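The following features are taken from TrEMBL:
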BINDING   R75  pyridoxal 5'-phosphate binding site
BINDING   R97, S98, Q105, R313  substrate binding site
BINDING   R271, R398, K463  tRNA binding site
MOD_RES   K284  N6-(pyridoxal phosphate)lysine
Amino acid sequence: MNRESFAAGERLVSPAYVRQGCEARRSHEHLIRLLLEKGKCPENGWDESTLELFLHELAIMDSNNFLGNCGVGEREGRVASSLVARRHYRFIHGIGRSGDISAVQPKAAGSSLLNKITNSLVLDIIKLAGVHTVANCFVVPMATGMSLTLCFLTLRHKRPKAKYIIWPRIDQKSCFKSMITAGFEPVVIENVLEGDELRTDLKAVEAKVQELGPDYILCIHSTTSCFAPRVPDRLEELAVICANYGIPHIVNNAYGVQSSKCMHLIQQGARVGRIDAFVQSLDKNFMVPVGGAIIAGFNDSFIQEISKMYPGRASASPSLDVLITLLSLGSNGYKKLLKERKEMFSYLSNQIKKLSEAYNERLLHTPHNPISLAVTLKTLDEHHEEAVTQLGSMLFTRQVSGARVVPLGSVQTVSGYTFRGFMSHTNNYPCAYLNAASAIGMKMQDVDLFIKRLDKCLKAVRKEQGKESDDNYDKTEDVDIEEMALKPDNVLLDTYQDASS
C-alpha cells in the first residue's frame, strides 16, 4: 500500500489506527531502503514478515506477474503448477541473459534486482570473513566442480597454447573432474609428509612449471579446505610462483569461507603474489540446499569475463536461497555461526583426543587444518580393508554421517587416472585413520552423540577381533540404535563405501 491507499483507508477506519499501521509498514520499508542503498548485509537479521514483503515487492516487478501481461514469446514465465510458483516466490524468469549471467533482463526487473543484491551481499560477507580486498563475485547455479570448470574455460581463451593444469593432489573427485571436463590434462603433484601433515611440495610444483613451460600451463589449481591429514595448500608460496612465471592461479575454496585461516591464506596469497579466482560452495558455507557456488576474485574484469562465459540464463534458486539466509541471519548472525564453529572444532578435537587415547590410538597432529580432524585406527587390522571400513559402515548405519574411514592401500581410477592410497591424498600414508569435521552449524549435542556412537562401534569392532572382553561391551546402550546388526552385511558395506567416496 502506498500513501494514497492509506489515505483512502482513513475514510473506513480511524485515521489514528491507519497512521499507526502506516508507520509499522514504514519500519519494514526503511530496512529495505537501507539494503538497496548500501548493498551490504544488515547487521541484524530480518524477521520473516519483512523478508516476505521484500520478496513479494520484487516478484511483482517481473512481467509474468503483471496483471495485464500478454506474453507471446517462447519464454514468458508460465508455470503449470501453483505449488511450483509459490516454491520460487513467483520468480520464474531466472537470472541473466543469453550472453551474461549477471546481465539485467528487461522483462524481469525484480529477478535482476534480486541477483544484483545477492551478489552484493555475498561480496560483503566474503570481506567480513577475511578476504578484504576481493573486487567482485557472483553466485552461479552450479556446485563447486562445475564452477571451477567455468573458470578454466574462461582461461582457455587467454592461454591458447595451454594444455596442462598443475594440481597438488587432493583426493576429491569433483575438483579433479572439473579439469578433465574443461578439456585439460591434470598434472598431479604428490604431497609431502611433514610430521602427520600432508603439505604442498613447492619444489615439485616449480620444477614441473619449468619442465612443461609456463605458456603450456593453463593455471595452478590449489586447494584450501580439505580432509585431514592433508592441510590447505601453501597458497602464499604458490601465488608467488604464479606471479613469477605469469601463470594464472585458481583456488578451490569449497568450504573455506567458514574458516578464518582459509580466508586469510587467500588474502595473503593475493597480497604477495597472484590469485585470479577462488570458488566456494553455497551449501557448505551458508547452510542452503546444494546447487550453487560463488566465484570471486581480485580483478573485476576477469570475474566479469567468467560470468559472460556462462551460456544462457540461469536458475535464480541458489541466489534466492542465499539471499533469504543472509537477510535472516544478518552479519551478526553469520559471525556468531563462525565463532560457534571454531568453538566446536576445539570441543570436537578434545573429545576425540580423549576417546582415541582410551583405545591406544591418537589424534593426528594437523594444526594447519582448521576444519577437519583425523584419528588413527592402528588397533584395527589395518592391513585388511574390510576390517577398517566395517567401522565406517557401522557408524553410517547408526546415522552418523560425514565420518570417513580411510584404509591403507585403496586404489581408485577417476577419469582414466589411477590413484593409489585414494582418500588419503598420498600413495602411502603411514596408517589408516578416521576423519571428522567441525563445519558451520554443528552443535555440541552433535559432537557428544558422535563420540558416544563412535565409542560403541569401536568396542564392537574390537570385540569381534578378540581385542575387547565381553565385560567392556554393553549391548543395552542406545537400544533404539543398537537394534541394527553390529556387523554390517555386504550391502551396507557397499553403501558406506559409496557415500565415503
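Easy rule for this one: first residue shown is 1, then count along the chain.
Yeah, the Cβs are placed from backbone N, Cα and C, and that goes for glycine too.
Note that TrEMBL annotation is computational and uncurated.
Owing to the predicted nature of the structure, the values given are computational and were not obtained by experimental measurement.
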Euclidean distance between Cα atoms of R75 (pyridoxal 5'-phosphate binding site) and R398 (tRNA binding site), Å: 47
Using Cα positions only, nearest of the binding-site residues to Q105 (substrate binding site) (R75, R271, K463): R75
Integer Cα-Cα distance in angstrom, K463 (tRNA binding site) to the residue listed as 'N6-(pyridoxal phosphate)lysine': 37
C-alpha spacing of R271 (tRNA binding site) relative to S98 (substrate binding site), in angstrom: 35
Close in space, distant in sequence - R271 (tRNA binding site), Cβ under 8 Å, 6 or more apart: T133
Other CB atoms within 10 A, centred on R97 (substrate binding site): 17
Pairwise Cα distance for R313 (substrate binding site)/the residue listed as 'N6-(pyridoxal phosphate)lysine' [Å, integer]: 24
Length of the line joining the Cα atoms of R97 (substrate binding site) and K284 (N6-(pyridoxal phosphate)lysine), in Å: 28
Densest Cβ neighbourhood among R75, K284, K463 (recorded positions), 10 Å radius: K284
All-chain count of other Cβ atoms within 10 Å of R398 (tRNA binding site): 19
Packing count at R313 (substrate binding site) (other Cβ atoms within 10 Å of its Cβ): 20
Binding-site residues: S98, Q105 - member with fewest neighbouring CB atoms within 10 Å: S98
